[in-house]
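Features reported for this protein in TrEMBL:
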DOMAIN    137-272  domain 'Fatty acid hydroxylase'
DOMAIN    451-614  domain 'Very-long-chain aldehyde decarbonylase CER1-like C-terminal'
TRANSMEM  19-36  transmembrane segment
TRANSMEM  99-119  transmembrane segment
TRANSMEM  126-145  transmembrane segment
TRANSMEM  182-210  transmembrane segment
């Protein structure tokens, strides 16, 4: 929002929220129906293609978003180091409004303008006219309009909304108030209206020109330099006809320079080109990939989780993961992604953060949760994890936390497998169990005298049970198999505090994977469910309380947080991820994996000292 919002700031369909697409439905349905029922001579391909073209524009923008976020996370050729936060993601979530607006204008123009219908596929003269009109009037008028928008009156009412994003993403390019978009469309319609009224219009000139605008807009705001130096060496005049991402980034950091649309020659002509443009271009172009201090390994969960990671849909990733109905409708695309991930099977960089001079990255193993339950997938998964560890070792990473990859004794002995295979590793492998135990223990209300364990037992569960028994708290389970497992693991240390329960009366339940709906329904009203596993139970009771999986809120100084970690709330981080950061901050030169565990009290105190805080739930 601009600092002093002017008239026509909001889009007309803002009150519709996510149902705003219905404004296009009548037009799109009519176009498709007409194409299907009319005979071949009366069919108008141009009319039919409007809606598919709008979908292509959305896909085009999304591809740029994913590419930009991946490249800026890796660090090579990154221009501006400052990160983005949730506030910017929220402000830019409606980037598709301008596509809806354009779609309505296209449909209205089709029915009202003579010559807008039955366009031929190609006309060379129309393409030439479009290029000349953009290079001349459009670029010239945009330059002066842009300078006018930086006058304090218009800037405070309109253009400051766009400049709220100092660090840009591709979609930042179209984040403007409604009134500003009207001005831009009138400007860009000059070539389009000219070819219509002169009878030189064609599908290629329309689609090509608008795709060119989208491409250049996205490229100029992507925050990584990708225009090769050899291009300007072979064609020196291009520096006046094509801007670069670093050129436009200076407009967002300096504000009073580099006003041009896509062709910088007007900045050269009127003396508004930033003098550091060439230096920043050279510096960004040669910038190497970043070497982090800490790497957090994770994996995909459900098939549609590909849209929830920060390389997916930015607005979806900025909220805790919940399966959305409209994502299920995208199953053909989701299936394609799954096949691509299955075939390529390469670990990729998802996210970068900074905290207390530490450079942090999150890497994704391209496997889904269901694959961890398939025994024939164990070796491929372990190979990918081991490759990631060795890659991190080669890059000089100090600590690697296993996160969701710490799937238990059956898969990799809680990470110890990789230490046995590579005994000379300098990098420290941390499974984070100690902090997970600490978080669970500190989530139990004070004064509790007994708790009930239920679910698949894990390293975290065993050491939590041990710590509770040592504190004099009774640990109960109503499954004989679970009782036997805990008793066998910790028999000499339980002090008689382990019991086999015959009822469901306990008000504090520590739960893992495998908790059933029937068991939840038997719990008394007001029961507090505290997960010790990495995946939360499905919430079946409205009269009970559910804690998150072991996690902590990150300090305010933790930079570049713009997406949620799976189902956790904003700025929350899993205990397994935090543990790796703490090992690096404290310089603990030990592995934490296998059946051993780090000092629970020590890591809990360290987390609080560094500004991490427990998550609170209603009580």
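The first residue you see is number 1, and the count goes up from there.
The backbone N, Cα and C atoms fix where each Cβ goes, and this holds for glycine too.
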**OP:** Please work out which recorded stretch in 19-36, 99-119, 182-210 has the most C-beta pairs separated by under 8 angstroms from the transmembrane segment (126-145)?
**Re:** 182-210
**OP:** Residue list, the transmembrane segment (182-210) vs rest of chain: Cβ under 8 Å, 6 or more residues beyond ends.
**Re:** 8, 45-46, 49, 53, 57, 101-102, 105, 109, 113, 115-116, 119-123, 125-127, 129-130, 133-134, 137-138, 141-142, 145, 176
Original post:
For the domain 'Fatty acid hydroxylase' (137-272), DSSP counts of helix, strand and coil?
Top reply: 94 helix, 1 strand, 41 coil
